[in-house]
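Working notes for the structure below.
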Amino acid sequence: MNVTIEGQVFDVQSGVSCRDALKGALSGKKFKNVVACRCNGTPLDLTATVPADTTTIEPVFADSPEGIELIRHSAAHIMAEAVQKLFPGVKVTIGPAIDSGFYYDFDYERPFSVDDLEAIEAEMQKIVAAAHPFTRTEMTKDEAVALFEGMGEAYKVEIVRDIPADTVSVYRSGDFVDLCRGPHIPDTSFVKAFKLLSVAGAYWRGDEKNRMLSRVYGTAFADPKALKDHLHQIEEAKRRDHRKLGQQLDLFAFHEDVAPGMVYWHPKGMLLRTILEDFLRKEHLKRGYELVQGPQLLRREVWEKSGHYDNYRENMYFTVIDDNAYGVKPMNCVSHMLIYKSHLRSYRDLPRRMFELGVVHRHEKSGVLHGLLRVRQFTQDDAHILCRPDQLEAEIIGVIALVRDLMGLFGFDYRIVISTRPEKSIGSDEDWDRATNALIGAVATAGLSHTINEGDGAFYGPKIDIKVTDAIGREWQLSTIQVDFTLPDRFDLVYIGQDGERHRPVMVHRAILGSLERFIGVLTEHFAGAFPTWIVPVQARLLTVTDAQNDFAMGARDQLVAAGLRVEADTRNEKLGYKVREAQLEKIPYILVVGDKEVEAGGVNVRLRNGENLGLKTLAEVAEMIRADCQEPFKRGGMSYSFS
């Protein structure tokens, strides 16, 4: 049969393995880097027979994203085998590849600790050196149950029984047997660079009612340099951890015994957040948005109407008032629909752009809560645009322009992913084509590139995801632009067209920064706590050498505050070096030292948080420096900063 491999057509004999088919098509050096393949898009082991209907075979290389994922998944199996050898009686559960590595959950008589990792790694090295092949066996569910019952693996038995299919696949490597869909790398020697990172507790199946397991995290790469770079990134991420910096900078705290997953904003953190919120409101007003706000509690019936009750209620909080059931809002869209519906709209009234810094609550399991990055109460910079179909592309262009300006303001590089129609969806082909083409056209008009994520749109419409890269190369998803065919129909939203008839508007959900809590967490780590001068809670701090300069320092503070700047004066009876060090740890941009010479000259000695000394400056010069520093990032996006 004729099969296309890397753009060339080859005659592949029936019954041959994927390995042999690729070996005949690729150079020796290239073939050695292949870890699996895709036949007509289906991932397969290299030992698998090429299916009879195959027209295309795509090699999966070790250093590709898919190849690295396979290496990590196989490394999880290797780790589980090592743990079983070192700790007799341990029970294995699940061990997937994840974004930056892999993990495996174990049930043992005691929790694993970081002290165990070195021994596990050493045993893994032996297994890697042995080059045990990964072999796949398919069997019935009953056979798999009997297999794992005989091994005493109760967790695997439970998983098998929950699988709806009649047959399952099992992989063997060395002495280890695991239930797995596959595919896997050819043998254990392909895991050339790995490292075990940490241990944690995890409930079986994420349910707090189940047994607590020991989760061991690790990572693996195709080559040692990539692993070294990743480990450096991990160390840098620890230094930038927003939870540590939040405490160091006195921005926020959590009290898990009182309100798990909910933030206590301290004065400086609240000031930073307020500066951000005020900026967002002003920027949206400039761009034609209207400020709105909906209630926190809505009757259950409205959540049933919107579809949230059927599809999202496990993530919602409910209460009863006067015998009526209410849901605490997990999203802002329903209220915005009702605000739109409060008036009969004309085609001349569209588009309507409604913006809300809306507080929402979502029930997240305690095991996934993580500082500001995963919380139960958060604020979204949420907007909903209702427009005519002919206005859709222009509205998306406007949203992309806002994304571009805000990401540029904060110094984030980003990429755009467009997700298209999934198998299960609502709406006509015409609606989907028009919406998808509007997204693609808007991105093209903005002069930006994009990738397509086929079939990953929501059931109610296609979407754009904006993925930003931070200062140490980590990727975060922040912005989402989503076309929705469902809610306007469910809430019977209409406008009167030019023909005098009722028409259904198109709806766009969009959030630019997403959760403000999460964004501030990302921002803290991106800047390692050294926030840009325009948003930092304290822009400058005056430090006195002795009490003799206190009056001058307080007067200077008042003068700078009157100029619209955020300035403190530290007049404590402490050594100057101590006060300077404290200001540097708090990452205050401008440290203004006041001694007798400065008082006599009527100025201050200016030091930057990076240690650079700018010498004696007048207060007017200091104010101008801070103003220019604030304006600089705004100039990049053609925006301006207000000191009011």
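Cβ from N, Cα, C; glycine included.
Applying an 8 A CB threshold to same-chain residues 6+ apart, the list for His509 (Zn(2+) binding site) reads Cys333, Asp382, Ala383, His384, Thr480, Ile481, Gln482, Asp484. In three-state terms derived from DSSP, His509 (Zn(2+) binding site) belongs to an extended strand segment. Residues annotated as Zn(2+) binding site in Swiss-Prot: Cys333, His384, His509.
For 1-61, the entry in Swiss-Prot reads domain 'TGS'. Across the domain 'TGS' (1-61), the DSSP tally of helix, strand and coil residues reads 11 helix, 25 strand, 25 coil.
Positions annotated as region 'Catalytic' by Swiss-Prot: 241-532.
His384 (Zn(2+) binding site) has a Cβ environment of 25 other Cβ atoms inside 10 Å. Cys333 (Zn(2+) binding site) counts 24 other C-beta atoms within 10 Å of its own C-beta, drawing on all protein chains shown. For the Zn(2+) site, the Cβ centre of Cys333, His384, His509 serves as reference, and the other residues of the chain with Cβ at most 8 Å from it are Met331, Asn332, His336, Met337, Asp382, Ala383, Gln482, Asp484, Leu487, Met507, Val508, Arg510. Secondary structure at Cys333 (Zn(2+) binding site), taken from DSSP and collapsed to helix, strand or coil, is helix. The predicted model assigns the domain 'TGS' (1-61) a mean pLDDT of 92.
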